[in-house]
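See structure below.
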Amino acid sequence: MTQRFKTSIALIMSLLIGIFAVSANPGHTYASVDVGAKSAILVDAETGKILFEKEADLTLPPASMTKMMTEYLVMEAVEEGKISWDQKTPVSQYAFDISANPEYSGVGLRLDEQYTVRELYEAMAINSDNATTIALAELVAGTEGEFVKMMNAKAEEMGLPDYEFVNATGLNNSHLEDNYPEGTDPEATNMMSAKSAALLAYHLTNDYPEALEVSSKPTLEFADQTVTNWNWMLPGMPGQNLKQFEYEGMDGLKTGYTELAGNTFTGTAERDGQRFISVVMKSETRSSRFNQTRTLLDYGFNQFTRQEILAAGETVEDQDSISVAKGKEDAAAIETSEALSTLLKSGEQEDYEVEFSISEDQLDEDGKLVAPVEKGQKVGTARLVYTGDESYGNLVKEEGQTVDIVTSEAVEKANWFMLMLGGIGDFFSDIFTGAVDMVKGWF
């Protein structure tokens, strides 16, 4: 392979595709989206693509949206076998005292009763119960202080950009009086940006979609009482006064309120296979947080459609194979490992670039793969890049949406005899080339 051909493989190849526009300028694309909350965001739940944001990096108290992290860690503990859904546990005096306080959301726990993990989890997720949240934190980690360490560690692992967890519930630590978690400030409160809340919801719904089976329940039967979900947008909520908030496809996720946080809500809805995640923070009233969520979700469902840009198994433009050294074949076919699709906003024309790149660390000094080559072996990536005047962010990948370029066939290593013949051929080829060059120099 010549140096010129080797370089051409390593270079990024671009394919311009005409599709429909999605800008990210608050003064342009978002002009039709009026959200009164102090901070807000709308995200594609499949890819993490940010479709709308307003002060989404601003760190604010999330209130009970905190419980999404507690839900995640409980789900993880069950998955890892550390606890089980049917496992029963008593409640501590601390959890009981919080439950007995009429100022906080609660189902009314008893000191002389034991509750299953499932009962505690459902009360937390549906009724935003603070005492059951504390009981779960103590069961998983021993103390709420140790659980807080787990929360912050998991947030770092998830890549949440802006956060500080000081308790499991979202209450202010001052509300907990002498029971505030060890190692935290008695006057502190949890802090999180809308972008972090959306990313947390992304991980919860993608890693543990069964969480939505609970969060979608309008009511819960707990200890001979019926408690109501604080998410008024759920279909089937009791009472005619809540029908005005009902939203098709809504099945989660978590409301929140404290005097410091105001009204917060992480919502998610799915229609025809398309799911969005929305977050509003520091909204003025309970009603306004749901109306603002409706505005965001309507924007998503009405303005965006998913379009496939590259099909699975599609070959790279002008490069449907890659050279192979020391193989029974001298090349291997390459293709995309899966489809590459994105949400597009209708009504505005734009361009996307698909950038193809071959990984140089996969190649030898001559720009070839070295046999043996496995079928499905990754050799590069295809990346979707927006090339318009505006740009979209992505919660999950800073580099944007990508798919792998892989080999579509295997190439076995040549036997020693064929390799020897190849080496002899290369030797005499070099001699011949040198002789020709020498003769050329005589004239």
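Just so it is clear, glycine is given a Cβ too, placed from its N, Cα and C backbone atoms.
Annotated in TrEMBL:
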SIGNAL    1-24  signal peptide
ACT_SITE  Ser64  active site, acyl-ester intermediate
ACT_SITE  Lys67  active site, proton acceptor
ACT_SITE  Ser128  active site
BINDING   Lys254  substrate binding site
DOMAIN    304-413  domain 'Peptidase S11 D-Ala-D-Ala carboxypeptidase A C-terminal'
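A straight line from the CA of the residue listed as 'active site, proton acceptor' to the CA of Ser128 (active site) spans 8 Å. Each of the recorded positions Lys67, Lys254 was scored by the other Cβ atoms within 10 Å of its Cβ; the lowest score goes to Lys67. In this structure the alpha carbons, written CA, of the residue listed as 'substrate binding site' and the residue listed as 'active site, acyl-ester intermediate' are 7 Å apart. In this structure, Ser64 (active site, acyl-ester intermediate) is part of a helix by DSSP. There are 28 other Cβ atoms within 10 Å of the Cβ belonging to Ser64 (active site, acyl-ester intermediate). Residue counts of the domain 'Peptidase S11 D-Ala-D-Ala carboxypeptidase A C-terminal' (304-413) by helix, strand and coil are 3 helix, 58 strand, 49 coil (DSSP-based).
Cα spacing between Ser128 (active site) and Ser64 (active site, acyl-ester intermediate): 7 Å, rounded to the nearest whole number.
All chains included, 26 other C-beta atoms sit within 10 angstroms of the C-beta of Ser128 (active site). Secondary structure at Ser128 (active site), as computed by DSSP, is coil.
Lys254 (substrate binding site) falls within a strand when secondary structure is assigned with DSSP.
Mean pLDDT across the domain 'Peptidase S11 D-Ala-D-Ala carboxypeptidase A C-terminal' (304-413) comes to 82 in this model.
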